[in-house]
Amino acid sequence: MPHTSAKRPKRITILGATGSIGESTLDLVGRNPDDYEVVALTGNKNVARLAELAVRHRAKLAVVADAGSYKDLLLALAGTGIEVAAGPKALLEAASRPADWIMAAIVGVAGLRPTLRAVRQGTAVALANKECLVSGGEIFMREVAAHGTTLLPVDSEHSAAKQAMTGTDLDRIECVCLTASGGPFRTWSAERMASAGPEQALKHPNWSMGAKVTIDSASLMNKGLELIEAHHLFTLPPEKLDVVVHPQSIVHCLVQMTDGAVLAQLSCPDMRTPIAYSLAWPERMHVPNERLDLAKLGSLTFETPDPERFPALRLAKEVLETGGSAGAVLNAANEVAVAAFLENRLGFLGIAGLVETTLADCADLTGLSPESAEDVYEIDEEARRRARDRLPRWAS
Ligand SMILES: NC(=O)c1ccc[n+]([C@@H]2O[C@H](COP(=O)([O-])OP(=O)(O)OC[C@H]3O[C@@H](n4cnc5c(N)ncnc54)[C@H](OP(=O)(O)O)[C@@H]3O)[C@@H](O)[C@H]2O)c1
């Protein structure tokens, strides 16, 4: 009888465990507890939820990025044997703890440093955070190559692109077309959008996600960020990247080959499918979510995005062409704008307005070529400062 050694559990860490992606990842992990050993879970300020997840998934380490939340976390996990830490250094330490697979699901450019630490382990990083590629794509991909890290895209469109592109040489790919749901304002006039508040913008028709990415989806900035992300992930030039609006969110990406064939990946809109693809990679795992029934759906529709009503997509495309640190400026201005919109300090159309003004005001920054994460953060900080200065001009 051949000896069959039991597979050891995969050691995993989740950066941003308390968020929408983090929770969906833990949902999959919790269904197969013997397959995984949870090394570290991190959050920002949501101590109660982090403590609950750490206990349920028997994490070795729980970290809050917010140093002020240390005592609360310590108290919440007292007597559990789970190691507790807080603050930016502890977050980096969590990302550096040896793990076979690390989910990078912190929202915003705040995820850049910890994700780079994860990349430097040279194992596998599942990348949900898109802002770190938008802001520091060149340096990020350089680190991935230098450490031989397996980078697994988690965004449904990029996961779909990876699946459709596998086995085909890059020069045989004519175009990677990302689909966009169009968000809650797809059919709204600009006048109607002008008076939309967070409550309406947060009502995504198909996906349940964190607040920042939901607002980005409503403005179509999300699709612009994803174009930049795809450019870095797949080393594709801007002219080989495109967007089509597909309100049903069933087809996630279409890859046009040079022989005329188009390969697409389809699934019901549930982030657990692309997360599972990255978690089980290079295998597949079982996910108990809704199965696609095309006959029941009846039809799938596609539209060209409207650059007039959704100027954020145009701005991101321009930034993709500019390259350099334009992405860091775009992202910083957008993070400031989305936070202000969520606090009712900026109207919906002011999001793209503020981003456009900031990009114009940062012409001296957009030509720079960041060499390190520190350079990216410096540009990010300066662009944020200028965006905040211009905020009153756009404020509602
Ligand atoms: N949700 C989706 O379906 C989806 C799809 C594709 C891509 N993405 C991308 O994945 C990333 C996460 O999205 P999400 O929807 O999961 O976001 P989310 O629900 O807002 O969760 C964000 C996570 O990051 C933590 N966090 C926030 N600020 C932080 C900081 N300054 N330092 C360290 N941790 C911080 C949060 O902790 P607290 O809970 O303590 O605040 C939470 O764990 C984003 O880049 C998004 O664009 C998301």
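In case you wondered, yes, glycine gets a Cβ from its N, Cα and C as well.
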Quiz item: Of the candidates E83, E226, E239, which does TrEMBL annotate as part of the Mn(2+) site that also includes D155, E157?
Solution: E226
Self-check item: According to TrEMBL, which candidate in G183, G197, G210 joins T18, G19, S20, I21, K45, N46, N129, E131 at the NADPH site
Solution: G210
Quiz prompt | According to TrEMBL, which candidate in S96, S181, S189 joins K130, S156, E157, H204, S217, N222, K223, E226 at the 1-deoxy-D-xylulose 5-phosphate site | solution = S181
Quiz item: Which of these binding-site residues is closest to H204 (1-deoxy-D-xylulose 5-phosphate binding site) if you go by CA atoms: S20, K45, G210?
Solution: G210
Practice problem: Work out how many Å separate S20 (NADPH binding site) and D155 (Mn(2+) binding site) at their Cα atoms, rounded off. | Solution: 12
Exercise. Taking ligand 1 as the reference, state which of the binding-site residues T18, D155, G210, N222 have a Cβ closer than 6 Å to one of its atoms.
Key: T18, D155, G210
Quiz item: Excluding D155, E157, E226 themselves, which residues in that chain have a Cβ inside 8 Å of the centre of the Cβ atoms defining the Mn(2+) site?
Solution: K130, P153, S156, H158, A161, L178, N222, K223, E229, A230, H252, C253
Exercise. Let me know the most crowded of the binding-site residues, choosing from T18, S20, N129 and counting other Cβ atoms within 10 Å.
Key: N129
Quiz item: Max Cα distance spanning K130, S156, E157, S181, H204, S217, N222, K223, E226 (1-deoxy-D-xylulose 5-phosphate binders), Å?
Solution: 19
